[in-house]
(Lines of atoms letter the chains of each structure in order from A and count residues from 1; the text may use other names and numbers.)
(Lines give C-alpha, C1' and ligand atoms only; values in the text may rest on other atoms or scores of the structure.)
Protein backbone atom coordinates (compact mmCIF):
# COMPACT_ATOMS: atom_id res chain seq x y z
CA UNK A 1 0.00 0.00 0.00
CA UNK A 2 2.77 2.45 0.86
CA UNK A 3 4.41 1.84 -2.52
CA UNK A 4 1.23 3.09 -4.23
CA UNK A 5 1.33 6.28 -2.15
CA UNK A 6 4.97 6.86 -3.01
CA UNK A 7 4.19 6.31 -6.67
CA UNK A 8 1.29 8.79 -6.59
CA UNK A 9 3.57 11.49 -5.18
CA UNK A 10 5.90 11.27 -8.17
CA UNK A 11 3.18 12.19 -10.64
CA UNK A 12 2.80 15.63 -12.19
CA UNK A 13 2.60 18.52 -9.73
CA UNK A 14 -1.03 19.59 -9.25
CA UNK A 15 -2.05 23.21 -9.56
CA UNK A 16 -2.53 25.07 -6.31
CA UNK A 17 -6.03 26.18 -5.50
CA UNK A 18 -6.76 29.88 -5.49
CA UNK A 19 -7.05 31.14 -1.93
CA UNK A 20 -9.95 33.47 -2.69
CA UNK A 21 -12.92 33.14 -4.98
CA UNK A 22 -11.27 34.65 -8.02
CA UNK A 23 -14.43 34.18 -10.10
CA UNK A 24 -16.21 36.74 -7.89
CA UNK A 25 -13.67 39.41 -8.91
CA UNK A 26 -14.89 39.53 -12.51
CA UNK A 27 -18.24 39.58 -14.28
CA UNK A 28 -19.26 36.82 -16.72
CA UNK A 29 -18.17 38.73 -19.84
CA UNK A 30 -14.72 39.40 -18.35
CA UNK A 31 -14.33 35.75 -17.38
CA UNK A 32 -15.31 34.75 -20.93
CA UNK A 33 -12.67 37.11 -22.36
CA UNK A 34 -10.03 35.68 -20.01
CA UNK A 35 -11.09 32.16 -21.07
CA UNK A 36 -10.64 33.10 -24.74
CA UNK A 37 -7.21 34.56 -23.96
CA UNK A 38 -6.27 31.43 -22.00
CA UNK A 39 -7.35 29.20 -24.89
CA UNK A 40 -5.29 31.29 -27.34
CA UNK A 41 -2.18 30.83 -25.19
CA UNK A 42 -2.84 27.12 -24.45
CA UNK A 43 -1.62 26.14 -27.91
CA UNK A 44 -1.56 22.37 -27.27
CA UNK A 45 -5.05 22.44 -25.66
CA UNK A 46 -4.08 20.41 -22.59
CA UNK A 47 -5.75 22.79 -20.13
CA UNK A 48 -2.45 24.19 -18.86
CA UNK A 49 -0.17 26.98 -20.05
CA UNK A 50 3.44 25.84 -20.15
CA UNK A 51 6.68 27.30 -21.51
CA UNK A 52 6.12 25.75 -24.94
CA UNK A 53 2.63 27.31 -25.16
CA UNK A 54 4.09 30.74 -24.37
CA UNK A 55 6.85 30.25 -26.94
CA UNK A 56 4.40 29.18 -29.66
CA UNK A 57 2.02 32.06 -28.90
CA UNK A 58 4.80 34.66 -28.97
CA UNK A 59 6.28 33.10 -32.14
CA UNK A 60 2.88 33.42 -33.82
CA UNK A 61 3.14 37.16 -33.10
CA UNK A 62 6.53 37.35 -34.80
CA UNK A 63 8.57 37.32 -31.59
CA UNK A 64 11.48 35.00 -30.80
CA UNK A 65 11.58 34.82 -26.98
CA UNK A 66 14.67 33.48 -25.23
CA UNK A 67 14.45 30.53 -22.87
CA UNK A 68 15.43 32.87 -20.03
CA UNK A 69 12.55 35.24 -20.89
CA UNK A 70 10.06 32.36 -20.94
CA UNK A 71 11.39 30.98 -17.64
CA UNK A 72 10.91 34.43 -16.11
CA UNK A 73 7.30 34.52 -17.23
CA UNK A 74 6.63 31.00 -15.94
CA UNK A 75 8.26 31.74 -12.58
CA UNK A 76 5.47 34.22 -11.76
CA UNK A 77 3.14 31.25 -11.15
CA UNK A 78 3.52 29.12 -8.00
CA UNK A 79 2.75 25.95 -9.98
CA UNK A 80 1.14 24.71 -13.21
CA UNK A 81 -1.09 27.33 -14.82
CA UNK A 82 -4.64 26.10 -15.32
CA UNK A 83 -7.49 28.53 -16.02
CA UNK A 84 -8.19 29.23 -12.33
CA UNK A 85 -4.51 30.03 -11.71
CA UNK A 86 -4.45 32.20 -14.87
CA UNK A 87 -7.49 34.14 -13.61
CA UNK A 88 -5.96 34.46 -10.13
CA UNK A 89 -2.72 35.83 -11.57
CA UNK A 90 -4.60 38.37 -13.70
CA UNK A 91 -6.74 39.33 -10.71
CA UNK A 92 -3.63 39.98 -8.65
CA UNK A 93 -2.08 42.02 -11.44
CA UNK A 94 -5.22 44.09 -12.06
CA UNK A 95 -6.01 44.70 -8.40
CA UNK A 96 -2.52 44.70 -6.93
CA UNK A 97 0.65 46.10 -8.38
CA UNK A 98 0.72 48.64 -11.17
CA UNK A 99 -1.13 47.16 -14.16
CA UNK A 100 -0.28 50.25 -16.20
CA UNK A 101 3.17 48.75 -16.78
CA UNK A 102 1.63 45.56 -18.14
CA UNK A 103 -0.66 47.44 -20.54
CA UNK A 104 2.06 49.88 -21.60
CA UNK A 105 4.51 47.01 -22.18
CA UNK A 106 1.96 45.19 -24.36
CA UNK A 107 1.80 48.24 -26.64
CA UNK A 108 5.57 48.79 -26.39
CA UNK A 109 6.16 45.41 -28.08
CA UNK A 110 4.98 47.05 -31.30
CA UNK A 111 6.75 50.40 -30.80
CA UNK A 112 10.07 49.74 -32.51
CA UNK A 113 11.40 53.27 -31.85
CA UNK A 114 10.34 53.21 -28.16
CA UNK A 115 8.68 56.58 -28.75
CA UNK A 116 5.45 55.98 -26.83
CA UNK A 117 3.51 56.12 -30.10
CA UNK A 118 2.22 53.63 -32.66
CA UNK A 119 0.79 54.88 -35.95
CA UNK A 120 -2.98 54.39 -35.91
CA UNK A 121 -2.97 52.52 -39.25
CA UNK A 122 -0.34 50.05 -38.04
CA UNK A 123 -2.17 49.52 -34.74
CA UNK A 124 -5.46 48.98 -36.61
CA UNK A 125 -3.76 46.33 -38.76
CA UNK A 126 -2.37 44.57 -35.66
CA UNK A 127 -5.71 44.67 -33.84
CA UNK A 128 -7.71 43.36 -36.80
CA UNK A 129 -5.32 40.61 -37.94
CA UNK A 130 -3.69 39.15 -34.81
CA UNK A 131 -4.86 37.31 -31.71
CA UNK A 132 -8.43 37.97 -30.62
CA UNK A 133 -9.20 40.09 -33.68
CA UNK A 134 -11.04 43.37 -33.36
CA UNK A 135 -13.58 44.43 -35.96
CA UNK A 136 -13.06 47.78 -37.70
CA UNK A 137 -16.04 49.06 -35.69
CA UNK A 138 -14.36 48.06 -32.41
CA UNK A 139 -11.15 49.83 -33.43
CA UNK A 140 -13.19 52.92 -34.40
CA UNK A 141 -14.81 52.83 -30.96
CA UNK A 142 -11.41 52.59 -29.25
CA UNK A 143 -10.03 55.46 -31.35
CA UNK A 144 -13.03 57.70 -30.59
CA UNK A 145 -11.57 58.86 -27.26
CA UNK A 146 -7.96 57.84 -27.90
CA UNK A 147 -5.07 60.31 -27.86
CA UNK A 148 -4.09 60.46 -31.55
CA UNK A 149 -2.14 63.44 -32.90
CA UNK A 150 -2.60 65.16 -36.26
CA UNK A 151 0.01 62.85 -37.85
CA UNK A 152 -2.01 59.76 -36.85
CA UNK A 153 0.22 58.70 -33.96
CA UNK A 154 -1.60 56.81 -31.20
CA UNK A 155 -0.15 57.80 -27.80
CA UNK A 156 -0.33 54.49 -25.96
CA UNK A 157 1.29 55.89 -22.79
CA UNK A 158 -1.54 58.41 -22.41
CA UNK A 159 -4.12 55.83 -23.55
CA UNK A 160 -2.92 53.46 -20.80
CA UNK A 161 -3.28 56.26 -18.25
CA UNK A 162 -6.83 56.92 -19.49
CA UNK A 163 -7.71 53.22 -19.23
CA UNK A 164 -6.50 53.06 -15.65
CA UNK A 165 -7.52 56.48 -14.30
CA UNK A 166 -10.12 57.85 -16.73
CA UNK A 167 -9.95 60.80 -19.10
CA UNK A 168 -8.97 64.20 -17.80
CA UNK A 169 -11.77 66.74 -17.67
CA UNK A 170 -11.70 69.33 -20.44
CA UNK A 171 -11.52 72.02 -17.70
CA UNK A 172 -8.18 70.74 -16.30
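Cβ atoms are placed via backbone N, Cα and C, with glycine included.
Per Swiss-Prot, compositional bias 'Basic residues' is recorded for 1-16. What Swiss-Prot lists as region 'Disordered' is 1-20. The N-acetylserine feature in Swiss-Prot is assigned to 2. Per Swiss-Prot, domain 'EF-hand 1' is recorded for 29-64, and the stated evidence type is sequence analysis. Under the heading Ca(2+) binding site, Swiss-Prot lists 42, 44, 46, 53. As annotated by Swiss-Prot, domain 'EF-hand 2' applies to 98-133, with the evidence given as sequence analysis. Positions annotated as domain 'EF-hand 3' by Swiss-Prot: 134-169.
Shown on the structure are the features that Swiss-Prot records.
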residue : record              : contacts (Cβ under 8 Å, 6+ apart)
42      : Ca(2+) binding site : 48, 49, 53
44      : Ca(2+) binding site : 50, 52, 53, 56
46      : Ca(2+) binding site : none
Cβ-Cβ neighbours of residue 53 (Ca(2+) binding site) (radius 10 Å): 21
Check: same-chain CB within 8 A of Ca(2+) site center, minus 42, 44, 46, 53: 41, 43, 45, 47, 48, 49, 50, 52
